[in-house]
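Asks: Feature annotation from Swiss-Prot assigns 4-aspartylphosphate to ASP57; the stated evidence is sequence analysis. Annotated domain 'Sigma-54 factor interaction' per Swiss-Prot: 187-416, in sequence order, evidence recorded as sequence analysis. Under the heading ATP binding site, Swiss-Prot lists 215-222, 278-287. What Swiss-Prot records for 479-498 is DNA-binding region.
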Amino acid sequence: MSFSVDVLANIAIELQRGIGHQDRFQRLITTLRQVLECDASALLRYDSRQFIPLAIDGLAKDVLGRRFALEGHPRLEAIARAGDVVRFPADSELPDPYDGLIPGQESLKVHACVGLPLFAGQNLIGALTLDGMQPDQFDVFSDEELRLIAALAAGALSNALLIEQLESQNMLPGDAAPFEALKETQMIGLSPGMTQLKKEIEIVAASDLNVLISGETGTGKELVAKAIHEASPRAVNPLVYLNCAALPESVAESELFGHVKGAFTGAISNRSGKFEMADNGTLFLDEIGELSLTLQAKLLRVLQYGDIQRVGDDRSLRVDVRVLAATNRDLREEVLAGRFRADLFHRLSVFPLLVPPLRERGDDVILLAGYFCEQCRLRLGLSRVVLSAGARNLLQHYSFPGNVRELEHAIHRAVVLSRATRSGDEVILEAQHFAFPEVTLPPPEAAAVPIVKQNLREATEEFQRKTIRQALAQNHHNWAASARMLETDVANLHRLAKRLGLKD
């Protein structure tokens with residue numbers, strides 16, 4: 001089998017039609033899966049010795065949340081080391097990273113696997129993986145044909161990475177690799193709320209504004225602070241963390257501003273505080289709402305004038321620190337109640353960010369579950385940790401009052417329970433491995449009994465209309481691709497569509 005010019009042109013056209021990088025990547029993967037007739041396809045970005053899924057088709061949704069470290073996935077490591085097409089034989093002893101992750105085939109292992117490393121110049125930027133359940137599924141395609149596919153994918157990915165760098169104004173030093181991927185954070189999610197949050201982080205990171213990060217306990221406020229710091233010009237300097245809720249009043253001032261020798265009993269030497277440690281960098285004050293009013297006043301002075309005084313010292317020290325603060329309280333209500341200074345609130349909330357709770361993030365719960373499953377797999381030395389359909393359904397319908405932190409603990413606990421009832425190094429998490437209270441799953445929809453109101457000819461034509469509409473929708477109204485999917489000649493498809501009233 002060989003690719004026609006039309007096939008390659010169709011792939012290129014789909015890349016151009018996409019609105020935004022994510023849409024283009026998904027169109028590419030979906031089109032490739034149809035053209036190559038594979039069971040699963042994935043586009044991965046390479047970053048810091050791990051592959052990060054950007055778009056998938058035919059794989060469980062939680063794959064998008066997984067981070068595939070090369071050390072734990074020998075096939076992906078082989079692809080990363082190769083400079084060309086990699087074909088894994090059906091009897092390869094190297095485990096496939098997608099075993100158990102093809103919906104409906106969880107108990108079966110992938111038999112055919114092809115990996116295409118993607119390069120920008122000499123730099124590895126990603127990979128394209130093709131998987132099938134039949135041992136010889138990709139034998140009909142030559143290496144040269146697969147190289148053409150890889151070239152198209154590499155071009156799309158390298159352009160996206162370059163645009164991403166330019167848009168973020170986070171250009172790398174001149175001696176760095178021009179297509180080096182941006183730093184990966186653990187802020188996993190594609191929901192509208194998380195997409196908006198990531199955009200806001202990108203905007204505020206380039207500035208030097210103080211940021212107030214609000215959100216319920218367990219939503220990931222510390223990860224937001226880390227993402228802001230790492231995308232900011234201060235990233236080369238330290239990010240210093242301080243949990244205000246864990247500060248006893250007696251040592252809080254010393255922790256923040258430091259002290260000199262002899263300032264109080266036990267002060268046997270000079271000691272720098274968190275502000276000094278964060279000089280030219282960023283200070284993250286977690287649970288800022290727990291600070292006493294006295295300390296709030298001293299913190300306000302630092303934000304206003306940029307100088308600090310160590311406990312027991314009359315001299316002032318200049319510091320250049322960006323402050324990121326986080327709270328799970330409503331600080332406006334705290335101000336009204338007299339428990340938080342209004343002037344400090346306004347100083348901190350120059351650019352407020354709200355981290356959405358997990359219950360408002362839709363399918364993000366499945367992506368995050370995949371991330372934690374992969375973490376458990378690596379930590380416990382397991383060959384695979386996958387979610388059953390029942391487990392995914394349960395996770396999507398639980399409210400998670402403890403948010404992402406509760407999900408993480410639930411996955412770890414479920415893995416331990418599963419291993420206790422099943423031998424071997426393969427773990428399939430079932431719904432019964434999760435102990436969530438008061439989870440009401442929607443009842444399965446009863447199959448409707450059709451009422452026949454048409455004669456055979458009318459019913460046949462209605463079925464044909466529906467089938468053609470679905471094919472066109474799946475192929476973005478590309479008639480040639482739709483004809484291939486329906487295994488008919490494109491001219492015949494046009495004639496049939498005209499007869500059925502689907503086109504003029």
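Each residue, glycine too, has its Cβ placed from N, Cα and C.
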Asks: Does DSSP put GLY218 (ATP binding site) in a helix, in a strand, or in coil?
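Replies: GLY218 (ATP binding site) sits in coil per DSSP, no helix or strand.
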Asks: For ASP279, THR282, listed as binding-site residues, tell me which one has the smallest number of other Cβ atoms within 10 Å.
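Replies: Across ASP279, THR282, these binding-site residues, the one with fewest Cβ atoms within 10 Å is ASP279.
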Asks: Give the residue counts of the DNA-binding region (479-498) per reduced DSSP state, in the order helix, strand, coil.
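Replies: Once the DSSP states are binned, the DNA-binding region (479-498) shows 17 helix, 0 strand, 3 coil.
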Asks: Once the chains shown are all counted, how many other Cβ atoms turn up within 10 Å of the Cβ of LEU285 (ATP binding site)?
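Replies: The Cβ of LEU285 (ATP binding site) has 25 Cβ neighbours within 10 Å.
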Asks: Could you tell me the mean pLDDT over the DNA-binding region (479-498), as a whole number?
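Replies: Residues in the DNA-binding region (479-498) carry a mean pLDDT of 79 in this prediction.
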Asks: List, in sequence order, the same-chain residues at least six positions removed whose CB sits under 8 Å from that of ASP57 (4-aspartylphosphate)?
Replies: GLN26, ILE29, THR30, LEU32, ARG33, ALA40, SER41, ALA42
Asks: Within its own chain, what residues at least 6 apart in sequence put their Cβ under 8 Å from the Cβ of GLY215 (ATP binding site), listed in sequence order?
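Replies: Counting only residues 6 or more apart in sequence, the Cβ neighbours of GLY215 (ATP binding site) under 8 Å are LYS221, ALA326, ASN328, LEU354, VAL355, PRO356, PRO357.
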